[in-house]
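As recorded in TrEMBL:
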{"type": "SIGNAL", "residues": "B:1-25", "note": "signal peptide"}
{"type": "BINDING", "residues": "B:D179, B:A180, B:T181, B:E182", "note": "spermidine binding site"}
Amino acid sequence: MKLKPGLPPARNLIIAVPWFWLALFFLLPFLFVLKISLSEPTLAQPPYMDLIREIEDGFVTLVINFSNYQLLLEDSLYLSALWGSLKVAGISTLFCLLIGYPMAYAIARSPVHWRLPLLMLIILPFWTSFLIRIYAWIGILKTNGLLNNLLMGMGLIDSPLEIMHTPIAVYIGVVYNYLPFVVLPLYATLIRLDLTLLEAAADLGCRPWKQFLLITLPLSMPGVLAGSMLVFIPVMGEFVIPDLLGGPNTLMLGKLMWTEFFSNKDWPLASSLAALLLVALILPFVLLRHFERRAEEAST
Amino acid sequence: MKKVSSGFKYLFPSLLLTTATLSNAEELHVYNWSDYIAEDTVAQFEQETGIKVIYDVYDSNEVLEAKLLAGRSGYDLAFPTARPFADRHITAGLYQPLNKDKLSNLDNIDPVILQSLADIDAGNQHLVPYMWGTTGIGYNVKKVREILGDEMPLDTWRLVFDPKIVAKLEGCGVSLMDDATEVFIAASAYRGQDTADFSKAAIEAAANTVQAVRPYIRYFHSSQYINDLANGDLCVAHGYSGDVLQARDRASEAGNGVEVAYAVPSEGAVVWTDVMVIPKDAPNPDAAHRFINYLMQPEVIAPITNYVAYANANAAATDLVDEEIRMDPGIYPPAQTREKLIVIKTPAERQLRDMNRSWTRVKTGQ
């Protein structure tokens, strides 16, 4: 995405706006985090050492400390947490797609006057605070909560289900909260799908489920990818949902960062974790882009 | 070390106050634990002085500490736990020395408690003690007796650390606090080891003690147990004295037949003191001094103790405290219990991190 020299200046300017935005609100803060991740913790305000230190009048020295990254790679705790986050993010994304796809499909295929109300139903919960919605799940899932009382009242179970403070509660909370992020982009792709393609396929004797597999699904892949990324990436760093609904045995990066930052006051290590998380998230997408581009080049 | 329950009830009035008064009135920003003050304390101060109080609450020392370390918190007065938190903060230079000329009520403070803080705050220059309490064991009297029999003494750490006993109590529910320092010190006390030893070997030994009972522990949490003890959903909880007593009172109010009791383990339990401090960069230290001085009036602090069920550090106020509270051994422990109490020694930063990382490993089963 390089700016081509031949472009008119007005267009350059327009393209420069998002780049400027990215630099100001993504790159710059990340550089701060990176800087802290290379320093050493100390008991002071702020609780880390400056990279550039004055030794004696006028002479300065640059101290870069890689030991935080070394600890992250050597101590199995951090890699387990990365794995824990990957697992929760992966499984949640899968469930979001499994539930969200039929929802988006149904809305896109429903009569026109129904679509707006149905979409509103997806969006409406967002008008309530995120925290309140997660707290509501505590009320539903806890030992003597709504769900258990209902099931026991109906005589379906004898003793309450232990869902609160388990990984299942985390999955329920995450899937519930992130579902709209899958439904909306999928809906946007499915609504633009050219229905004449399906008609043509039907005319040529293609069965409905095969039409779906061969035409609808491949054409909705951009929506699937966008939705997955909107779920997967934030869940990797999710802290609130596992903290409120999960038990202490839910090991995820977000919680570990909290511990390093708050309990250990080790801002440098917390920053290294943040940098590691970013790399773990960006690298696959950079590689994906790279292979896509090579595939494009090969096909032309 | 006071935990949770409802910060919301303070949030709302303070929001109202913020919008209701003129912006040029003198302001005092107070940052305190949730549910750690009487209902009319702040309003009375405002009435007496005309200073507008913006009162925010937190539920963990760590959150307060992060704000102080980041700097420019905007708060004039905070209430950290003395050890290890305020100790570290003094070392880091986060507080300003108190101007004792402005603290005319300082004589009311219990000299024994002031003395106990002198080793971390030489000459009591930065800290004024507010409330104190212990960390011990809360239990459901009926259920625990049913399982362990009438012979077994219940004022012991065996209730949460002896694998044989915890296994028996598993079905009924046992919880430990989600706090590395508290749990490791309790584990060392249980094993009769030096509770001031934070060496790698000591941390590992404590971690092994917790590891041995981990399969039987229902959860690690520092406030959830209040509700669960009161409802009878949990049999034994490692927790703060005042919180367990709150659970006891809630259970008796609910009349659900649950009887909760608090015990200070005979092997020794942590005693902690929460202190009042003025951050170095406080915008209005003068008003903070006035608030501290106000809280040191016996007739102000006694109703707070009645309300929050923690003992205050004000010797002159003891007679004004309700007899029921004053005679409660869980709140004002008798002399022989006090002798067994453990004052936390502040671990070195490196040791603290070793301990917290080891704790994360133990509770996540890594």
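The backbone N, Cα and C atoms fix where each Cβ goes, glycine too.
Because TrEMBL annotations are produced automatically, they should be read as predictions rather than curated entries.
TrEMBL feature annotations superimposed on the structure.
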residue: B:D179; record: spermidine binding site; Cβ neighbours (10 Å): 26
residue: B:A180; record: spermidine binding site; Cβ neighbours (10 Å): 27
residue: B:T181; record: spermidine binding site; Cβ neighbours (10 Å): 21
residue: B:E182; record: spermidine binding site; Cβ neighbours (10 Å): 21
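Closeness to chain A is evaluated for the binding-site residues B:D179, B:T181, B:E182 by Cβ distance, with values under 8 Å counted; no residue is counted. The spermidine site, placed at the center of the C-beta atoms of B:D179, B:A180, B:T181, B:E182, has further neighbours from the same chain whose C-beta lies within 8 angstroms: B:M177, B:V183, B:F184, B:I185, B:M355, B:W359.
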